[in-house]
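Taken from Swiss-Prot, the feature FMN binding site covers 10-15, 78-80, 113-119, H134. Per Swiss-Prot, the feature NAD(+) binding site maps to Y12. Feature annotation from Swiss-Prot assigns substrate binding site to W98; the stated evidence is sequence analysis. Summarising the annotation, Swiss-Prot assigns compositional bias 'Polar residues' to 163-177. Here Swiss-Prot flags 4-190 as domain 'Flavodoxin-like'. Swiss-Prot lists 157-181 with the feature region 'Disordered'.
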Amino acid sequence: MVKMLVLYYSAYGYMEQMAKAAAEGAREGGAEVTLKRVPELVPEEVAKASHYKIDQEAPIATPGELADYDAIIIGTATRYGMMASQMKNFLDQTGGLWAKGALINKVGSVMVSTATQHGGAELALISTQWQMQHHGMIIVPLSYACREQMGNDVVRGGAPYGMTTTADGDGSRQPSAQELDGARFQGRRVAEITAKLHG
């Protein structure tokens, strides 16, 4: 059975929802899934004053455990067209894994959230994939196999590189049913492809 980690960073809970949906999809695809998050870097008093969702259930991951999985889906908030610093800080601690080649041929995939439609989602998806590529991981994108992202009748998440959600910072727009379905699709797709590669 494929062992998968869904690893995320979420300040306001939007990516937490997407990560849970991806984990559901991966389980539907036959994977044994672990859902974890990266540590918060913002001081607790600042996080509370900024209304961060600090009561997330997922346990905190450690960089060394990434080697324990066949596949890793990363979900991160976006800051100025890049992954959030919390995720970058976590990934920057994986140098020891890189030196050992511990993630070579593992499967990787990425999802992101932005506060606006043009908030740099595709840049964040691609730059996060770069980190995976430096580790020798095999990237499985969302791709246009996920037809739910097609159309412009409403704000739709998704890109060929990975699932996205646009969620307002004030909480007025949460991840849509289409975006959550896309995250499930991505989780299932990664699980199924990983099973073919590592089965």
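Here the Cβ of each residue, glycine as well, is placed from N, Cα and C on the backbone.
In this structure, the CA atom of S10 (FMN binding site) is 25 Å away from the CA atom of W98 (substrate binding site). If you take the C-beta of S113 (FMN binding site) and look for same-chain residues 6 or more apart in sequence within under 8 angstroms, you find S10, Y14, M15, M18, G75, T76, A77, T78, A121, T164, T165, T166, A167, P175. Counted within 10 Å of its Cβ, the other Cβ atoms near S10 (FMN binding site) come to 25, all protein chains included. Each of the binding-site residues Y12, W98 was scored by the number of other CB atoms within 10 A of its CB, and the lowest score belongs to W98.
Candidate binding-site residues: T78, T116. Fewest other C-beta atoms within 10 angstroms, T116. Taking the C-alpha positions, the distance from T116 (FMN binding site) to the residue listed as 'NAD(+) binding site' comes to 15 Å.
Secondary structure at the residue listed as 'substrate binding site', as computed by DSSP, is helix.
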